[in-house]
């Protein structure tokens, strides 16, 4: 990683306005972003509603961590897409508002990989040490873990704000800037601090991923008596691992983007837009699929409250229309 890279250290690349975009290109990019936001918000709202409408999930650490990730991703998506659209409409915004948007985006994006690492550990305990899983993974400890995740993700980056408050005059916070992290938190020492923490986070999440999933795959192969169930377990683990890897791409995406800019110098705008979609958007689609659709227990309640209600609504409309046709036929007679 270079000195400006790191987890969301250069998230501004994804949010940067593309001055050379034509009106049609800019319109299409913003339309795609808004449609993505509506689609994911609809999916996430159904998943969140299913969780809170069923108390059976309240005491399960797996689903608690899952719903925390869904809500966290929904906030991250809303903030980043809002900044994306505002960068086209207003170009510059007040520094105070920019600080708020940037910090929320940084916190939520940094939290996702760490939360997934926590979910990996919970799955590891469930499969590799099932007799002690209920004793170790309680709801209370899960909420404590979530608090700890937020603590270790917020503290390193909130210092950027304190350093800026100490080094910049108050008038700076009343000016307008293009909302990029480096335009607000300008002290050079913050770059080195971010690099150090990015290396620590990257290493911890990476080794957690590798260790837990190798152990889970090994145990799943040994204990699964049926080939079909073993294959399903491996597929779920691989999907979860792929999601973790994509979230971890946020650590290295600035470096990858820099390399691609040298390889494809005439495609800078396309590279930045594709980088944002792949690194920050695509992993958010996988969460509802892995735990909302593929999970048997969660899917059962999802169908009960939403699919069945929709089917009932459709059948009610069909019956209503048939009654109307029957009445019309009788009136003719």
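Using N, Cα and C of the backbone, Cβ positions are placed for all residues, glycine too.
Segment annotation: TrEMBL labels transmembrane segment over residues 31-52 (candidates 9-30, 31-52). Per TrEMBL, the listed range annotated as transmembrane segment is 142-166 (candidates: 117-141, 142-166). Within the set 235-253, 254-272, the record from TrEMBL flags 235-253 under the feature transmembrane segment. Per-residue confidence over the domain 'G-protein coupled receptors family 1 profile' (43-291) averages 82 (mean pLDDT, predicted model). Same-chain residues lying 6+ beyond the ends of the transmembrane segment (89-109) with a Cβ under 8 Å from its Cβ atoms: 7-8, 11, 15, 17, 72-73, 75-76, 79-80, 82-83, 150, 153-154, 157-158, 160-161, 164, 172-179, 181, 183-185, 250, 280.
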